[in-house]
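Residues or ranges marked as transmembrane segment in TrEMBL: 7-27, 59-79, 175-204, 354-385, 397-415, 436-454, 484-507, 527-545. The annotation domain 'Citrate transporter-like' is assigned in TrEMBL to 27-493.
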Amino acid sequence: MAMAPTVKVVLGSIAFAIFWVLAVFPAVPFLPIGRTAGSLLGAMLMVVFRVLTPDQAYAAIDLPILGLLFGTMVVSVYLEKADMFKYLGQLLSWKSKGAKDLLCRISMISAVSSALFTNDTSCVVLTEFVLKIARQHNLPPHPFLLALASSANIGSSATPIGNPQNLVIAVQSKIAFGSFVLGILPAMLVGVVVNILILMCMYWKLLSSPQKDEEDATAEVVADDDVISHRFSPATMSHFTSLNSQEWNSRLESANMRNSPDMNGHVNHVETLRNRINSSESEICSATSGVFESARDSSASKEVTNDASLQKGEETVSSAWVESMDRSRDLSSIQLPEGDFATKWKRMLWKSCVYLVTVGMLIAMLMGLNMSWTALTAALALVVLDFKDARPCLEKVSYSLLIFFCGMFITVDGFNKTGIPSAFWDFMEPYAHIDHAAGIVILALVILVLSNLASNVPTVLLLGGRVAASAAVISAAEEKKAWLILAWVSTVAGNLSLLGSAANLIVCEQARRAPLFGYNLSFWKHLKFGAPSTIIITAIGLVLIR
């Protein structure tokens, strides 16, 4: 592609530069509008500067990628609702044999879950749990946070649905799901193991003699019960009348476990509840009659005093009534075990259906069916199976991320129209042929640098077609290899620095904002580990990818 007129090149570069700054540094002092608004601003400037026409801007939006991303996010929401991520978290703490064992588990679980449910989703739901586990065992959090983020990035490279840039590559390259997995899986498995070894070598002393960092020495220790009962879904406050019998039963059982060590104690506790309810009803009657009797007998001279007594009596009635209703609901849950049993089995059946639909989605993708429509079909199947208003689940979808992608597609397409990416690749192409080792190394370095400067998804959008076209001249096999190298390097490049991947930023922000046990993962701590890890693991993948 020839270079566009100078005015269009300059204006298109300004629009892209604004988008890049706001995407990498979303809270810059002169324009703290965030990534999503920044992508829309870049897209709008491309149209205002006449780098793109409005029709070209709409055409630049890749609907299959948006559909695939939306579908996988909805499926992830229902998997979270079915306690999938809670089970993954409990697996971390099950029969743990020390800090090194915990580090290996975090890395493996993060890698596998990221390959299936995207790296961003895994980091969102696992970061707080990893922090709790570290605090509970009085361990320094940063090796485990690094293991979570880096393994999520490496693991997500193995599948087309593991991260956004792989979605772009899978749609543009038309590589089958199974072929994509087989091409990168060996590199991913070896990369995760090597990543663990690098973490072990760098933090062996810390993991051998656990001690807290000086900067978080005041953090509170997390109790065992807090870790076991941890939930990944956002906490909500519900009125007590909205809770079902199963929830009340679980609360009562937990209270009995704390108060009564055996069945006799359980029966006594139930009898105590009956007595309390009876006494509460008596209190309500006596309090009510006392209040209104005193109101009738009050004189004008004591009006203020009686008003105060009336208010106090009403508060007593209200609190006694609420307490009585609370206890009666607890008691009813014990007296009707059949309903609770049926509810439990309905819940288990629904969760099994969620897992089956998810497995079916993965199998369909492996068979080569359209990934976007497969994900959307699975998402709608889960909505129907839930048989409830889907709004609470759909509200958990990151629509801001979808909007960010829309703006990014337009902005990147406008920057491509300036001719700068084509000119850059025309300069590098003679040195980056993938039919010899030196060319592969140069190609990897170009992708590595651009992925950290312009982020990995824009890099894939900018270079993907050009790299593939160059490799296609050699052979179809080399074209496929070029796409897989682009997927591997652009994904692993996210481990280089804290700003290299959205997953890194998610872990950093989630850890920093965690209540009571928050931790600040600094840019330099990440870079100290990320630089050697990225270089070594990238090189290993280049050797193994076929």
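Backbone N, Cα and C atoms are what each Cβ position is placed from, and that goes for glycine too.
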Maximum Cβ pairs under 8 Å to the transmembrane segment (484-507) - stretch from the list 59-79, 175-204, 397-415, 527-545: 527-545
Closest-packing stretch to the transmembrane segment (59-79), where packing means Cβ pairs under 8 Å, from 7-27, 175-204, 397-415: 397-415
Stretch in 7-27, 175-204, 354-385, 436-454 most in contact with the transmembrane segment (527-545), if contact is a CB pair under 8 A: 175-204
Contact ranking winner - 7-27, 354-385, 397-415, 436-454 against the transmembrane segment (175-204), Cβ under 8 Å: 354-385
